[in-house]
Amino acid sequence: METSSIEINELPLATKTQTPPASVEPIPMETSSIDELPSSDSNATDNIEAVGEKRKRADEDEKTNLESSDTKITTPSPWWKTSLCSYFRREASCSHGNECKYAHGEAELRMKPDNTWDPTSERGKKAKAMKMSEHEEKEEDEVLFTEQMMESIDGDEGGGGSVSVVDLSLSKCLVHLPNKWQSDELKKFLGEQGVLYKSAKKRRGMIVGFVTFENAEQLQSGVEILDGKTVNSSNLKIADVLPRTFDKNDARKSVKSARDAVTPLAYLSYADQLEQKKTSIGQMLKKLARNARKACPNGNSLPQWVLTSRDRGGLACNLEGIIESPITNGYRNKCEFSVGLSLQGKPTVGFSLGSFCAGVTAVEEPVDCPNVSKIASQYASIFQKFIENSKFQVWNRFQHSGFWRQLTVREGRKPGVFSNDEDAITRIAEVMLMVQVCLTGSDEAEVATEFEELAKAFAEGARASSPTLPLTVLVVQNHSGISNVAPPDAPLQVLAIPISDNGTDQEQTTNVLTEARIHDHINNLRFSISPTAFFQVNTVTAEKLYSIAGDWADLGPDTLLFDVCCGTGTIGLTLAHRVGMVIGIEMNASAVADAERNATINGISNCKFICSKAEDVMSSLLKQYLDVTQMEEAKPLSNANDDLNKQIPSTEEMTNSEHVADQNLPPSNTQVEELQDNEQKDSSSLEPEKTTKPQFKNVVAIVDPPRSGLHPAVIKALRTHPRLKRLVYISCNPETLVANAIELCTPSFDEPDRGNKNYRGRKKIGIAALARHRAKSMPTSEAFRPVKAMAVDLFPHTDHCEMVMLLER
């Protein structure tokens with residue numbers, strides 16, 4: 001539980017009182033006995049000293065505002081004495097004396113109106129510890145290892161790949177070990193603790209280790225010694241090893257299912273899911289206000305939005321509510337199924353039951369996963385039946401070997417309004433299948449034959465289903481990395497799909513550049529999607545999200561819109577009819593090609609897409625399209641264009657020409673500068689009026705970054721450009737939105753601090769704390785302020801939620 005940012009109104013001196021509200025019972029001294037409470041939690045008392053200085057400035061600002069008001073407050077706030085005074089805690093005294101609105105010690109502390117205690121207080125820490133203890137008791141006491149992991153680690157250590165026989169009844173897993181440890185470090189630790197054992201195995205990068213004992217006496221003694229032992233500030237947990245020959249009727253069954261792993265909120269009603277997500281977003285807004293208060297420079301007044309956050313219950317801005325998804329079941333248009341072994345050791349296509357880092361290796365079929373469409377689930381079943389009889393092995397994540405790795409199913413729907421979940425499924429018109437394999441060490445001829453059989457299996461399975469499953473394109477992706485997340489340039493191969501025609505077999509060949517794609521629709525626009533391009537997984541709800549973003553951006557014909565991290569151009573293209581010009585930035589060349597193709601398909605001519613990392617070009621683009629507009633119109637632009645074209649490489653220069661369709665775009669009436677080749681730049685026949693920059697009165701940026709958030713260079717470019725007054729931030733990870741907003745909204749320091757070079761090396765530092773540190777080095781510039789926020793449920797049944805926030809200055 002985090003330190004509360006909720007404060008009460010400072011009372012005018014003439015009306016202050018020490019008498020608590022009559023409705024609140026005094027707290028007996030016995031309930032706050034320090035001896036009975038656990039030791040201090042360092043996480044709960046984060047930056048206590050910094051809070052005092054910020055609160056002092058807040059008090060001074062509030063006091064000034066209240067002294068100028070004629071209104072007198074005669075009743076103490078319900079938050080009176082509900083938080084501990086940081087001055088009193090540190091100095092054993094406070095300048096406010098008995099009139100301080102904060103509690104001077106545990107005896108004065110009152111319970112908050114929401115029936116919680118100050119998290120930095122002893123009672124708050126005790127409540128947190130009890131809650132964590134209850135949570136740990138509910139956790140599984142088994143680790144979903146299979147013998148595959150034990151054999152892999154054993155083979156690695158043996159050097160020759162030999163496998164020893166392991167008695168699982170005499171084996172235990174040690175959870176919460178340092179992930180940098182290997183078997184030698186684990187054995188050394190066991191020896192230091194005086195633990196006798198038969199074998200001990202540990203792989204770097206995992207937090208679990210595997211220990212086998214000689215007999216039951218050794219096992220019992222080892223458990224007594226190790227259970228709860230502290231290692232690097234973490235408490236060890238002893239867990240049983242779940243054998244892959246696990247009997248589903250076993251009385252020990254308490255295994256998390258694929259449904260629980262993928263859709264953890266599916267057990268709740270949808271209304272309860274929405275309420276839980278709205279509350280979670282509210283906590284993020286409180287976190288933003290709390291961290292902004294800490295980040296503000298000493299000696300400066302806090303921003304008004306921080307001071308008024310207490311009037312909103314601690315929220316940095318108003319939370320407008322949550323937008324629900326029109327469809328809640330089978331809504332995902334992209335599903336990535338892992339290939340591995342089930343608990344029974346059978347090759348399985350489905351979802352992993354947990355984190356690989358935590359030692360979870362089992363894969364379960366996507367049965368009863370409400371976010372997966374029936375079509376995707378059927379294709380997973382078809383693929384599983386095929387690999388069960390394949391001569392090639394499934395991927396072994398421990399030995400980094402094998403052939404079959406992953407199946408991705410992408411779906412494209414017809415346009416229209418979806419009235420229910422079933423209607424959304426029946427509108428699926430196109431399907432792309434992408435099978436990820438590792439070709440390392442495989443015979444080329446055998447692979448070619450296997451791929452032919454694979455295409456035949458998918459085609460026959462699709463035709464045998466009732467109704468027939470759509471199958472538009474089949475792609476194979478070659479990837480040999482450790483993780484299944486392949487780089488954007490991983491080799492792709494389109495397979496011919498055999499089709500049946502009047503009893504004869506014919507082959508339909510496809511072209512990798514023109515046919516390896518499907519189409520979907522958003523706001524009646526048709527979008528072309530390549531195998532690896534990003535596209536919102538819930539297009540129906542994405543329409544609502546983009547509509548909100550456009551409304552909040554206050555768009556108009558004189559607006560220049562920057563679509564940062566634009567993907568296939570969905571945001572910019574859906575809003576293009578409302579603005580003068582759209583500049584999209586995306587690092588994925590395939591997605592940029594799709595964006596340009598999508599503009600052509602829909603006849604949109606006022607969009608330009610740049611293929612590059614946003615942090616590399618954002619600053620130059622802002623100068624190119626904004627700074628030049630302030631120059632005198634009479635000034636020749638040919639030289640300026642030459643310089644700017646040198647700064648910003650064209651799409652063709654940054655990608656292979658076969659992936660880019662920019663040259664096919666119709667000419668734009670508002671596009672101010674084409675990314676020209678050298679001959680065009682040197683031509684003297686250009687008419688001056690065609691190269692003149694339009695005067696955009698309104699400049700807006702909409703950012704939709706990946707879960708990692710915006711790069712610091714992008715944040716700096718957005719923050720320091722004076723022409724950019726409005727920013728709409730769309731985030732699938734509210735945690736990173738908060739971190740980025742801290743840098744965007746914190747007032748500038750009088751003298752920017754270059755910071756401690758070793759700051760990144762601090763252990764267990766949160767992204768919010770790192771953002772506060774980076775804010776110190778932000779160049780002097782006007783800060784944004786959060787205006788309003790909205791939650792949008794793009795992912796029903798999961799604990800993820802999209803968040804959109806409007807920032808202005």
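The backbone N, Cα and C atoms fix where each Cβ goes, glycine too.
Cys732 (active site, nucleophile): 19 other CB atoms within 10 A of its CB, across all protein chains. Residues or ranges marked as active site, nucleophile in Swiss-Prot: Cys732.
All protein chains included, Gln536 (S-adenosyl-L-methionine binding site) registers 24 other Cβ atoms within 10 Å of its own Cβ. Per Swiss-Prot, the feature S-adenosyl-L-methionine binding site maps to Gln536, Glu586, Asp704.
Here Swiss-Prot flags 30-46 as compositional bias 'Polar residues'.
For 51-65 (among others), the entry in Swiss-Prot reads compositional bias 'Basic and acidic residues'.
For 678-692 (among others), the entry in Swiss-Prot reads compositional bias 'Basic and acidic residues'.
Look at Swiss-Prot and you will find Met1 tagged as N-acetylmethionine, backed by a large-scale study or a structure entry.
Taken from Swiss-Prot, the feature region 'Disordered' applies to 1-74 (among others).
Here Swiss-Prot flags 652-693 (among others) as region 'Disordered'.
Per Swiss-Prot, zinc finger is recorded for 79-107, and the stated evidence type is sequence analysis.
Among the record's S-adenosyl-L-methionine binders, Gln536, Glu586, Asp704, no two C-alpha atoms are more than 15 Å apart, and one pair sits at exactly that spread. Counting other CB atoms no more than 10 Å from each candidate's CB, the binding-site residues Glu586, Asp704 peak at Glu586. In this structure the C-alpha atoms belonging to Cys732 (active site, nucleophile) and Asp704 (S-adenosyl-L-methionine binding site) are separated by 8 Å.
Close to the recorded S-adenosyl-L-methionine site, the chain also has Phe534, Phe535, Cys565, Cys566, Gly567, Thr568, Thr570, Ile571: residues not among Gln536, Glu586, Asp704 whose Cβ is within 8 Å of the site's Cβ mean position. In terms of DSSP secondary structure, the zinc finger (79-107) contains 9 helix, 2 strand, 18 coil.
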